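Right, one structure below, let's go through it.
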Amino acid sequence: MLIRRRPSWALPESAATPESVYLSRRHLLGAGIGLLAAAGLSDGAEAAPAAGDPATDPTRDLYPAKRNPSYTLDHPITPEEVSGNYNNFYEFGSDRRNYQVADIAERMPRRPWTVKIDGLVEKPREVGIDDIIRAMALEERLYRHRCVEAWSMAVPWTGFPLKDFVAWAQPLSGAKYVRFETFVNPSVAPGQNRFIYPWPYIDGLTMAEATNELAFLVTGVYGKPAPNQYGAPLRLAVPWKYGFKSVKSIVRVSFVEERPVGLWEQVQGREYGFWANVNPAVSHPRWSQASERDIGTGERRPTLIYNGYGEQVAGLYAGLSGEKLFM
Ligand SMILES: Nc1nc2c(c(=O)[nH]1)N[C@H]1C(S)=C(S)[C@@H](COP(=O)(O)O)O[C@H]1N2
Ligand SMILES: [Mo]
C-alpha cells in the first residue's frame, strides 16, 4: 500500500526543491526567446512557438498553488526535464523522446480555448478555459502515474478535483458516464493526419469514478501552468488507472447515458478496455504488468493494485466482478 499522509518533513528532498532547479537549460533558452519576442527584437519566426509558451499563460498568477498534504509519495518526484521529455500524446506524434512530442506540441496555441459542456446537463454551454480555472480552487497534489506500457513517474500536478467541476456543470440525474474529448486541429497536430487513429481522442469515467476525490483535472505541473506536452490547458489525472485514461487537452466534457468507447478501445479493444484499472496480476496480452520502470530513477519497482490507491477507490468496483476491471 502506498504510504499516504506522511508528514511533510518525510517528503523526499526533490519534493521541496524550488522550481528554478527544475528548469532545464532548454527551458531557460526558451524563456530567452520569449523575452526577445516580447521586446520586439525578433522577427516573426518566433511568433509561432510563443503561442504555446506557458510563460504567457493568462492564469500564471494562480501559481504555485498550495499543496494538499493528503497526497504524498513514497518515492521521489520525477524531475521535470525527464517527465517533460517522455510524453505519450499521439496527436503530436508517436516518438515520445528527444523532445519530439514536446517541441511539436509547443506550437499549439493555448488561447483562445473553450470547453463545451453538453449532454445530460441542466444547461449545455461552451465556457472559456480561464473562466473555468478561475471558478475552481487550485491545489497541488503529488500523484503517481502508471502507463499501460509499464513505465511510471511521480509528478506534482496542479488543478482541481473533477468532482468540483462535475458539480459546477450540473449534470442531470440520468447521466451515468462522463466523456472527455481532445481538440482536433491537424494543422498544429500532425499526428491527426494519421488516419489509422479515429480522432478525436476520447475516453470516459463512470459518474461514481468522476466524483471520487482522487479524480483530478490538471491545469499545471511543477508549480506553474502546464507546458503543452502534458495536455494543456486542461487534462485529466486518474492515477489508479492506466495512463491512457488521463485525456489531454480537453475541449469537450459530455454527460451521457451510454458508456463511451475510448480511442484505444476503438483501435484495439482486445488490449485496452473501458475500466483499465492498474493491476499487477493481470497481464497485458503482450507483456506483464507485474512491475514498472520509474522514468526518473530508472529503477524497476513492483506495480501496486490500483497503482497504490486501493484504499480510496477499491469500493467503486464492489459488485462489478463480471466486468473486465483491469484492462
Ligand atoms: N489526447 C491524448 N491524451 C492522452 C494521450 C494521447 O495520446 N492523446 N496519451 C495518454 C497516455 S498513453 C499517457 S501514458 C498519458 C501521458 O501523460 P504525460 O505525457 O503527462 O506523461 O497521457 C494520456 N492522455
Ligand atoms: Mo500510456
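Glycine residues also receive a Cβ, built from the backbone N, Cα and C atoms like all the rest.
According to TrEMBL, Asn87, Tyr90, Glu91, Cys147, Thr182, Ser246, Val247, Lys248 bind Mo-molybdopterin; the candidate from Arg194, Arg235, Arg259 that the record adds to this site is Arg235. When the region 'Disordered' (46-76) is classified with DSSP, helix, strand and coil residues number 12 helix, 1 strand, 18 coil.
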